[in-house]
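Worksheet for the structure shown next.
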Amino acid sequence: MIEFQNVTKTFTLGKRKVEAVKEVSLTIEKGDIYGIIGFSGAGKSTLLRLVNMLERPTEGSVHIQGTDVGKLSAKQLRERRRNIGMIFQNFNLFQSRTVAGNIAYPLKLAGTSKSVVTKRVSELLQFVGLSDKAKDYPDQLSGGQKQRVGIARALATSPDILICDEATSALDPNTTSDILKLLKKVNRDLGITILLITHEMGVIQSICDKVAVMEDGKVIENGNVFDTFTKPSHETTKRFIRSVQQELPSEKVLKEWTEAGGGNLYRVLFKGERATDPILSSTTRKHNIDFNIVYGSVRELQEKLFGNLIVSFGGDEQQIQHVIQELELIVDIEEVYSHGG
(Lines of atoms letter the chains of each structure in order from A and count residues from 1; the text may use other names and numbers.)
(Lines give C-alpha, C1' and ligand atoms only; values in the text may rest on other atoms or scores of the structure.)
Protein backbone atom coordinates (compact mmCIF):
# COMPACT_ATOMS: atom_id res chain seq x y z
CA MET A 1 0.00 0.00 0.00
CA ILE A 2 1.16 3.52 -0.86
CA GLU A 3 -0.20 6.38 1.20
CA PHE A 4 0.29 10.11 0.64
CA GLN A 5 -0.51 11.92 3.87
CA ASN A 6 -1.21 15.64 3.38
CA VAL A 7 1.80 15.97 1.06
CA THR A 8 3.03 19.34 -0.21
CA LYS A 9 6.11 19.86 -2.39
CA THR A 10 7.47 23.38 -2.83
CA PHE A 11 10.28 24.38 -5.21
CA THR A 12 12.26 27.60 -4.90
CA LEU A 13 12.92 29.27 -8.25
CA GLY A 14 15.10 32.28 -7.58
CA LYS A 15 13.08 34.41 -5.18
CA ARG A 16 9.84 32.70 -6.11
CA LYS A 17 8.32 29.65 -4.41
CA VAL A 18 6.20 27.26 -6.47
CA GLU A 19 3.93 24.66 -4.89
CA ALA A 20 4.00 21.77 -7.36
CA VAL A 21 1.96 19.50 -5.07
CA LYS A 22 -0.52 20.89 -2.56
CA GLU A 23 -1.87 18.99 0.45
CA VAL A 24 -2.42 15.71 -1.37
CA SER A 25 -3.80 12.73 0.54
CA LEU A 26 -4.27 9.49 -1.41
CA THR A 27 -4.23 5.77 -0.69
CA ILE A 28 -3.18 3.23 -3.33
CA GLU A 29 -4.10 -0.27 -2.19
CA LYS A 30 -1.89 -3.29 -2.85
CA GLY A 31 -2.72 -4.73 -6.28
CA ASP A 32 -4.35 -1.55 -7.61
CA ILE A 33 -3.75 -0.09 -11.03
CA TYR A 34 -4.08 3.52 -9.97
CA GLY A 35 -4.07 6.30 -12.56
CA ILE A 36 -3.24 9.94 -11.94
CA ILE A 37 -4.41 12.21 -14.74
CA GLY A 38 -3.97 15.91 -15.32
CA PHE A 39 -2.91 18.47 -17.88
CA SER A 40 0.71 19.62 -18.15
CA GLY A 41 1.86 21.36 -14.97
CA ALA A 42 -0.78 19.70 -12.79
CA GLY A 43 1.86 18.17 -10.48
CA LYS A 44 1.58 14.54 -11.63
CA SER A 45 5.27 13.84 -12.22
CA THR A 46 6.31 15.53 -8.99
CA LEU A 47 3.83 13.42 -7.03
CA LEU A 48 5.19 10.28 -8.67
CA ARG A 49 8.79 11.17 -7.78
CA LEU A 50 7.80 11.47 -4.12
CA VAL A 51 7.11 7.73 -3.94
CA ASN A 52 10.77 6.73 -4.18
CA MET A 53 12.09 9.98 -2.70
CA LEU A 54 13.57 11.29 -5.93
CA GLU A 55 11.84 14.36 -4.56
CA ARG A 56 11.19 14.76 -0.84
CA PRO A 57 7.99 16.30 0.53
CA THR A 58 8.22 19.81 1.91
CA GLU A 59 5.34 18.91 4.20
CA GLY A 60 3.49 15.68 4.92
CA SER A 61 4.75 12.14 4.38
CA VAL A 62 4.70 9.18 1.99
CA HIS A 63 4.22 5.69 3.43
CA ILE A 64 4.81 2.35 1.71
CA GLN A 65 3.46 -0.68 3.53
CA GLY A 66 3.16 1.43 6.66
CA THR A 67 6.73 2.76 6.59
CA ASP A 68 7.46 6.49 6.25
CA VAL A 69 9.82 6.41 3.26
CA GLY A 70 11.20 9.84 4.12
CA LYS A 71 12.59 8.50 7.41
CA LEU A 72 14.55 5.61 5.89
CA SER A 73 18.34 5.61 6.09
CA ALA A 74 20.31 5.85 2.84
CA LYS A 75 20.84 2.08 2.84
CA GLN A 76 17.18 1.33 3.61
CA LEU A 77 16.08 3.73 0.87
CA ARG A 78 18.32 1.97 -1.69
CA GLU A 79 16.73 -1.33 -0.71
CA ARG A 80 13.24 0.16 -0.95
CA ARG A 81 14.00 1.58 -4.40
CA ARG A 82 14.98 -1.88 -5.64
CA ASN A 83 11.37 -2.84 -5.01
CA ILE A 84 10.04 0.05 -7.10
CA GLY A 85 10.31 -0.33 -10.87
CA MET A 86 9.99 2.65 -13.22
CA ILE A 87 9.19 3.03 -16.90
CA PHE A 88 9.34 6.28 -18.83
CA GLN A 89 7.86 8.02 -21.85
CA ASN A 90 11.18 8.07 -23.72
CA PHE A 91 12.24 4.54 -22.70
CA ASN A 92 15.69 5.60 -21.28
CA LEU A 93 17.48 2.56 -22.71
CA PHE A 94 21.26 2.26 -23.02
CA GLN A 95 21.95 2.51 -26.74
CA SER A 96 25.29 0.70 -26.41
CA ARG A 97 23.75 -2.33 -24.68
CA THR A 98 21.71 -5.10 -26.24
CA VAL A 99 18.14 -5.79 -25.20
CA ALA A 100 19.41 -8.50 -22.85
CA GLY A 101 22.10 -6.15 -21.57
CA ASN A 102 19.55 -3.45 -20.76
CA ILE A 103 17.37 -5.89 -18.83
CA ALA A 104 20.38 -7.32 -16.99
CA TYR A 105 21.71 -3.92 -15.92
CA PRO A 106 19.78 -3.45 -12.62
CA LEU A 107 20.55 -7.05 -11.64
CA LYS A 108 24.28 -6.58 -12.21
CA LEU A 109 24.11 -3.30 -10.31
CA ALA A 110 22.64 -5.24 -7.37
CA GLY A 111 25.49 -7.77 -7.48
CA THR A 112 23.36 -10.68 -8.72
CA SER A 113 25.27 -13.77 -9.85
CA LYS A 114 25.76 -14.32 -13.58
CA SER A 115 23.71 -17.54 -13.66
CA VAL A 116 20.75 -15.88 -11.93
CA VAL A 117 21.00 -12.87 -14.25
CA THR A 118 20.96 -15.09 -17.34
CA LYS A 119 17.93 -17.03 -16.10
CA ARG A 120 16.02 -13.92 -15.05
CA VAL A 121 16.68 -12.10 -18.34
CA SER A 122 15.44 -15.13 -20.28
CA GLU A 123 12.25 -15.26 -18.19
CA LEU A 124 11.57 -11.57 -18.68
CA LEU A 125 12.21 -11.65 -22.42
CA GLN A 126 9.63 -14.39 -22.71
CA PHE A 127 7.18 -12.53 -20.44
CA VAL A 128 7.26 -9.37 -22.58
CA GLY A 129 7.33 -11.24 -25.89
CA LEU A 130 10.87 -10.37 -27.00
CA SER A 131 12.72 -13.70 -26.77
CA ASP A 132 13.93 -13.29 -30.37
CA LYS A 133 15.31 -9.77 -29.73
CA ALA A 134 17.83 -10.54 -26.95
CA LYS A 135 20.88 -9.63 -29.05
CA ASP A 136 19.35 -6.63 -30.82
CA TYR A 137 20.20 -3.03 -29.92
CA PRO A 138 17.60 -0.34 -29.12
CA ASP A 139 17.98 1.42 -32.48
CA GLN A 140 16.84 -1.81 -34.16
CA LEU A 141 13.55 -1.81 -32.26
CA SER A 142 10.17 -0.16 -32.74
CA GLY A 143 8.78 2.18 -30.09
CA GLY A 144 6.56 -0.53 -28.68
CA GLN A 145 9.44 -3.00 -28.49
CA LYS A 146 11.59 -0.41 -26.70
CA GLN A 147 8.88 0.08 -24.10
CA ARG A 148 8.63 -3.70 -23.65
CA VAL A 149 12.36 -3.70 -22.89
CA GLY A 150 11.77 -0.86 -20.44
CA ILE A 151 9.06 -2.87 -18.70
CA ALA A 152 11.24 -5.99 -18.55
CA ARG A 153 14.11 -3.97 -17.08
CA ALA A 154 11.77 -2.44 -14.48
CA LEU A 155 10.66 -5.94 -13.47
CA ALA A 156 14.19 -7.36 -13.25
CA THR A 157 14.56 -6.95 -9.48
CA SER A 158 11.04 -8.35 -8.81
CA PRO A 159 9.53 -5.08 -7.52
CA ASP A 160 6.20 -4.88 -5.72
CA ILE A 161 5.43 -1.44 -7.20
CA LEU A 162 5.70 -0.29 -10.83
CA ILE A 163 5.66 3.45 -11.56
CA CYS A 164 4.74 4.47 -15.10
CA ASP A 165 5.53 8.03 -16.18
CA GLU A 166 3.52 8.76 -19.37
CA ALA A 167 4.54 5.28 -20.58
CA THR A 168 2.40 5.33 -23.73
CA SER A 169 2.58 9.01 -24.74
CA ALA A 170 5.21 8.41 -27.44
CA LEU A 171 3.37 5.45 -28.98
CA ASP A 172 0.74 5.09 -31.72
CA PRO A 173 -2.78 3.91 -30.73
CA ASN A 174 -2.29 0.25 -31.66
CA THR A 175 1.03 0.01 -29.85
CA THR A 176 -0.46 1.84 -26.87
CA SER A 177 -3.17 -0.81 -26.66
CA ASP A 178 -0.55 -3.60 -26.71
CA ILE A 179 1.53 -1.97 -23.96
CA LEU A 180 -1.55 -1.42 -21.79
CA LYS A 181 -2.44 -5.11 -22.16
CA LEU A 182 1.10 -5.99 -21.06
CA LEU A 183 0.79 -3.73 -18.01
CA LYS A 184 -2.50 -5.41 -17.16
CA LYS A 185 -0.69 -8.75 -17.41
CA VAL A 186 2.05 -7.47 -15.08
CA ASN A 187 -0.59 -6.53 -12.53
CA ARG A 188 -2.68 -9.68 -12.90
CA ASP A 189 0.04 -12.34 -13.17
CA LEU A 190 2.69 -10.84 -10.88
CA GLY A 191 0.47 -9.03 -8.37
CA ILE A 192 2.41 -5.79 -8.82
CA THR A 193 0.79 -2.51 -7.77
CA ILE A 194 0.90 -0.04 -10.67
CA LEU A 195 0.87 3.72 -10.21
CA LEU A 196 0.73 5.56 -13.52
CA ILE A 197 0.43 9.13 -14.67
CA THR A 198 -1.04 10.20 -17.97
CA HIS A 199 -2.84 13.01 -19.73
CA GLU A 200 -4.89 10.51 -21.76
CA MET A 201 -8.27 9.46 -20.37
CA GLY A 202 -8.27 6.48 -22.73
CA VAL A 203 -5.40 4.99 -20.72
CA ILE A 204 -7.37 5.40 -17.48
CA GLN A 205 -10.46 3.89 -19.09
CA SER A 206 -8.54 0.90 -20.47
CA ILE A 207 -6.71 -0.49 -17.45
CA CYS A 208 -7.10 1.51 -14.24
CA ASP A 209 -9.14 0.46 -11.20
CA LYS A 210 -9.02 3.89 -9.59
CA VAL A 211 -8.17 7.41 -10.70
CA ALA A 212 -7.16 10.74 -9.20
CA VAL A 213 -7.56 13.93 -11.20
CA MET A 214 -4.97 16.64 -10.53
CA GLU A 215 -5.08 20.34 -11.29
CA ASP A 216 -2.72 23.06 -10.09
CA GLY A 217 -0.99 20.66 -7.70
CA LYS A 218 -4.18 19.48 -6.02
CA VAL A 219 -6.25 16.30 -6.30
CA ILE A 220 -9.64 17.66 -7.31
CA GLU A 221 -11.43 14.33 -7.69
CA ASN A 222 -10.64 10.69 -7.02
CA GLY A 223 -12.39 7.35 -6.81
CA ASN A 224 -12.97 4.17 -8.77
CA VAL A 225 -12.96 4.57 -12.53
CA PHE A 226 -16.56 3.47 -13.10
CA ASP A 227 -18.01 6.05 -10.70
CA THR A 228 -15.72 8.78 -12.00
CA PHE A 229 -16.73 8.13 -15.61
CA THR A 230 -20.43 7.79 -14.93
CA LYS A 231 -20.80 10.63 -12.42
CA PRO A 232 -17.90 13.13 -12.63
CA SER A 233 -18.23 16.09 -10.29
CA HIS A 234 -15.49 18.49 -11.44
CA GLU A 235 -15.44 20.32 -14.76
CA THR A 236 -11.83 19.28 -15.45
CA THR A 237 -12.79 15.62 -15.03
CA LYS A 238 -15.69 16.17 -17.42
CA ARG A 239 -13.28 17.64 -19.99
CA PHE A 240 -11.10 14.54 -19.82
CA ILE A 241 -14.12 12.26 -20.18
CA ARG A 242 -15.36 14.22 -23.20
CA SER A 243 -12.02 13.44 -24.87
CA VAL A 244 -12.99 9.75 -25.05
CA GLN A 245 -16.77 9.95 -24.90
CA GLN A 246 -18.86 12.46 -26.84
CA GLU A 247 -21.72 13.44 -24.55
CA LEU A 248 -23.97 15.15 -27.10
CA PRO A 249 -24.52 15.00 -30.85
CA SER A 250 -22.53 17.50 -32.89
CA GLU A 251 -23.71 21.09 -33.34
CA LYS A 252 -24.66 20.21 -36.93
CA VAL A 253 -26.91 17.36 -35.80
CA LEU A 254 -28.49 19.52 -33.08
CA LYS A 255 -29.18 22.27 -35.62
CA GLU A 256 -30.83 19.79 -37.98
CA TRP A 257 -32.82 18.41 -35.04
CA THR A 258 -34.14 21.89 -34.19
CA GLU A 259 -34.95 22.71 -37.82
CA ALA A 260 -36.90 19.45 -38.10
CA GLY A 261 -39.01 20.46 -35.09
CA GLY A 262 -37.45 18.03 -32.64
CA GLY A 263 -38.29 18.36 -28.96
CA ASN A 264 -36.14 18.68 -25.86
CA LEU A 265 -33.33 16.17 -25.41
CA TYR A 266 -32.54 14.26 -22.22
CA ARG A 267 -29.47 12.29 -21.20
CA VAL A 268 -30.30 8.96 -19.57
CA LEU A 269 -27.47 7.11 -17.82
CA PHE A 270 -27.82 3.38 -17.20
CA LYS A 271 -25.34 1.62 -14.94
CA GLY A 272 -24.63 -2.08 -14.41
CA GLU A 273 -27.66 -4.35 -14.77
CA ARG A 274 -29.87 -1.36 -15.56
CA ALA A 275 -28.06 -0.98 -18.90
CA THR A 276 -29.85 -4.05 -20.28
CA ASP A 277 -33.25 -3.53 -18.62
CA PRO A 278 -36.11 -2.28 -20.88
CA ILE A 279 -36.68 0.69 -18.58
CA LEU A 280 -37.33 3.31 -21.26
CA SER A 281 -39.77 1.23 -23.26
CA SER A 282 -41.76 -0.02 -20.25
CA THR A 283 -42.01 3.41 -18.60
CA THR A 284 -43.01 5.29 -21.76
CA ARG A 285 -45.47 2.57 -22.81
CA LYS A 286 -47.15 2.80 -19.40
CA HIS A 287 -47.90 6.51 -20.00
CA ASN A 288 -48.62 6.19 -23.75
CA ILE A 289 -45.54 8.26 -24.62
CA ASP A 290 -43.24 7.78 -27.61
CA PHE A 291 -39.47 7.99 -27.25
CA ASN A 292 -36.67 8.32 -29.74
CA ILE A 293 -32.99 7.50 -29.16
CA VAL A 294 -31.15 10.33 -30.89
CA TYR A 295 -27.61 9.48 -29.86
CA GLY A 296 -25.58 7.31 -27.48
CA SER A 297 -24.10 3.93 -26.74
CA VAL A 298 -23.87 1.07 -24.26
CA ARG A 299 -20.35 -0.08 -23.45
CA GLU A 300 -18.33 -2.00 -20.90
CA LEU A 301 -16.31 -0.21 -18.24
CA GLN A 302 -14.51 -2.10 -15.46
CA GLU A 303 -16.47 -5.23 -16.40
CA LYS A 304 -19.77 -3.39 -15.90
CA LEU A 305 -22.13 -2.03 -18.53
CA PHE A 306 -22.65 1.70 -18.86
CA GLY A 307 -25.30 3.20 -21.12
CA ASN A 308 -25.28 6.87 -22.12
CA LEU A 309 -28.30 7.70 -24.27
CA ILE A 310 -29.69 10.98 -25.59
CA VAL A 311 -33.45 10.65 -26.04
CA SER A 312 -36.52 12.70 -26.87
CA PHE A 313 -40.10 12.12 -25.82
CA GLY A 314 -43.31 12.68 -27.76
CA GLY A 315 -46.88 12.95 -26.51
CA ASP A 316 -48.86 14.70 -23.82
CA GLU A 317 -46.57 17.06 -21.89
CA GLN A 318 -48.03 16.13 -18.51
CA GLN A 319 -47.48 12.44 -19.22
CA ILE A 320 -43.91 13.18 -20.35
CA GLN A 321 -43.27 14.78 -16.97
CA HIS A 322 -44.66 11.65 -15.26
CA VAL A 323 -42.24 9.53 -17.32
CA ILE A 324 -39.30 11.72 -16.32
CA GLN A 325 -40.29 11.60 -12.65
CA GLU A 326 -40.51 7.80 -12.71
CA LEU A 327 -37.20 7.46 -14.54
CA GLU A 328 -35.52 9.69 -11.94
CA LEU A 329 -36.28 7.02 -9.34
CA ILE A 330 -34.45 4.35 -11.36
CA VAL A 331 -31.72 5.97 -13.47
CA ASP A 332 -29.90 9.29 -13.86
CA ILE A 333 -31.77 11.59 -16.24
CA GLU A 334 -31.28 15.27 -17.05
CA GLU A 335 -32.37 17.69 -19.73
CA VAL A 336 -29.38 18.55 -21.91
CA TYR A 337 -30.92 20.41 -24.85
CA SER A 338 -33.98 22.60 -25.01
CA HIS A 339 -35.77 23.09 -28.31
CA GLY A 340 -36.27 26.71 -27.36
CA GLY A 341 -32.50 27.19 -26.86
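Just so it is clear, glycine is given a Cβ too, placed from its N, Cα and C backbone atoms.
Summarising the annotation, Swiss-Prot assigns domain 'ABC transporter' to 2-241 and lists sequence analysis as the type of evidence. Among the features that Swiss-Prot reports, ATP binding site is placed at GLY38, PHE39, SER40, GLY41, ALA42, GLY43, LYS44, SER45.
DSSP assigns GLY38 (ATP binding site) to coil in the three-state reduction, placing it in neither a helix nor a strand. Counted over every protein chain shown, other Cβ atoms within 10 Å are most numerous around GLY38 among the binding-site residues GLY38, GLY41. The ATP site, placed at the center of the C-beta atoms of GLY38, PHE39, SER40, GLY41, ALA42, GLY43, LYS44, SER45, has further neighbours from the same chain whose C-beta lies within 8 angstroms: ILE197, HIS199, MET214, GLU215. Averaged across the domain 'ABC transporter' (2-241), pLDDT for the predicted model comes to 94. Here the binding-site residues are SER40, SER45, and the one ringed by the most other CB atoms within 10 angstroms is SER45.
Long-range Cβ contacts of PHE39 (ATP binding site) within its own chain (separation 6+, distance under 8 Å): HIS199, GLU215, THR236.
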